[in-house]
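The following features are taken from Swiss-Prot:
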type    : residues                                   : note
BINDING : ARG62, GLY278, ASP279, THR311              : substrate binding site
BINDING : ASN64, PHE65, SER66, HIS67, ARG104, LYS190 : ATP binding site
BINDING : ASN64, SER66, ASP97, THR98                 : K(+) binding site
SITE    : LYS253                                     : site 'Transition state stabilizer'
BINDING : GLU255, ASP279                             : Mg(2+) binding site
Amino acid sequence: MAATALDHLSLGGKIQWLAQLNTEFQPAREFRRTSIICTIGPKTNSVEAINKLRDAGLNVVRMNFSHGSYEYHQSVIDNARQAEKVHPGRPIAIALDTKGPEIRTGNTKNDEDIPISAGTILNITTDEKYKDECTIEHMYVDYVNITKVIAPGRIIYVDDGVLAFEVLEIVDDKTIKVKARNNGYISSRKGVNLPNTDVDLPALSEKDKADLRFGVKNKVDMVFASFIRRGQDIKDIREVLGEDGKQIQIIAKIENRQGLNNFAEILAETDGVMVARGDLGIEIPAAEVFAAQKKIIAMCNIAGKPVICATQMLESMIKNPRPTRAEISDVGNAVTDGADCVMLSGETAKGAYPTEAVREMSEAVLKAENTIPYVSHFEELCSLAKRPVSIVESCAMASVRASLDLNAAAILVLSTSGESARLISKYRPVCPIIMITRNDSASRYAHLYRGVYPFLFPESKPDFSKVNWQEDVDRRIKWGLSHGIGLKVLNEGETVVVVQGWKGGMGNTNTFRIVKADVNHLGLGQP
């Protein structure tokens, strides 16, 4: 197994590369390219807990708006922002995951888990009096039209398919008689799926719109948009976010057959994609999710848009201190498929071992990243790029090629919006991408891009009528090199490819040069 660009260049295609793997290989310097998203729940909603997760590998904090009050979510945002201050310049991104057009059960009394046995007959109801009083006889769901779209013989799944109910009879306009097909528990606020059923829910509910406005007010960095079914859904979300939320990245969650069928138009509109395997694995046969994951990730890689793999990645660690071998392989396969980020849900929101789960995921990601044949991957992505490419993308491709030929330790990019960093990330260099920006929002959402280490430059933009443009550029480069060395992403004296614009502002990246990292004076001469 190789660590440097020269090692990668010495081997041929994927099969030859994999045949050379050394399972005991330890690179001289490890850096993780794939970001880790952690859902924050009551067990981890504190500055101390978030910093523990961060030290273990957290990059993005996720808030699930299917649960919790605005007061609770405000506390998550406040705690994440406070935790970020412990390491100034190292941003923590904040993601708002919408409820979307989903269906959920009501609450059980005192949030208890009610055991249920296979063969049990009960009523699924939309009667509001059971909303906070679900029992073994009556389980509330929040979709008022469920009796109109379901039919006897159909299956209703609850809690990512953990519970399955066969529809026996439509009793009245509020009640469905069902039979449990397996043992399990009736719990509070669990997701409900109706496979092979046309659900007439709007893409954005009034709650979703209010939640998005809350996100804009609190300057969240990204929105994970649930149950996206068509490209127009993304446009509708952008309209709600408005001018004040124009920098918020929209990540389309693909969770049903309609989203899969319309994926090309969704990809054209969205900033990124999440393979939300929980609901997807119920809405389509579970065996198809494997292929769907690979297809979605590949299409995102070709488009250069970030993609997240989520759901049940280390599910057993909700209760157990160590993951299963299958879970570690699942994480590794997501990485080798090409995911930019991997996500933890219940593992960090309510699990008994949240920090350990992040640490295990980080270790699994690192090992998987070392198995990827980066050079052949780069060549294939270059061949698939639609010509003519933009000037910025051409510069990104050239900088990655230079990093391979030079065996560079890093690519350092000065970016306003993060676009140039995204395009460099698209071509998957062997080395890390150090992104320096003055854009507070971009410094956070750049965690979506594989291999990017974003840093917020602390100095405000100068008046270029008084300050030389190139002097400001050099100052940012020196600062970035210094931080790279300080975080051990770089070693003193190593070669770095620097990517920059010829003037300030977005879309002007067209130049790269080669420098040496020197911790003493950080000179910018040619190596």
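Each Cβ is built from the backbone N, Cα and C atoms, and glycine gets one as well.
Among the binding-site residues ASP97, THR98, ARG104, LYS190, the residue whose Cα lies closest in space to that of ARG62 (substrate binding site) is ASP97.
Under the DSSP three-state reduction, HIS67 (ATP binding site) is assigned to coil, being neither helix nor strand.
Cβ neighbour count for THR98 (K(+) binding site) (all protein chains, 10 Å cutoff from its Cβ): 26. Every protein chain shown contributes to the tally, and the Cβ of HIS67 (ATP binding site) ends up with 17 other Cβ atoms within 10 Å. Straight-line distance linking the Cα atoms of HIS67 (ATP binding site) and THR98 (K(+) binding site), rounded to a whole number, equals 10 Å.
Within 8 Å of the centroid defined by the CB atoms of ASN64, PHE65, SER66, HIS67, ARG104, LYS190, the record's ATP site, lie the Cβ atoms of GLY68, LYS99, GLU102, ARG189, GLY191, excluding the listed residues themselves. Put plainly, the binding-site residues ASP97, GLU255, ASP279 were compared by Cβ crowding within 10 Å, and the winner is GLU255. The residues near the substrate site, meaning same-chain residues not in ARG62, GLY278, ASP279, THR311 whose C-beta sits within 8 angstroms of the mean position of the site's C-beta atoms, are ASP160, LYS253, GLU255, MET274, ALA276, ARG277, ALA310, GLN312, MET343, SER345, in sequence order. Secondary structure from DSSP puts GLY278 (substrate binding site) in a helix. In this structure, ASP97 (K(+) binding site) is part of a beta strand by DSSP.
Among the residues ASN64, PHE65, SER66, HIS67, ARG104, LYS190 said to bind ATP, no two Cα atoms are farther apart than 13 Å.
The Cβ of SER66 (ATP binding site) lies under 8 Å from the Cβ of ASP97, LYS99, GLU102, ARG104, ARG189, GLY191, each on the same chain and at least six residues away in sequence. Classification of ARG62 (substrate binding site) by DSSP places it within a strand.
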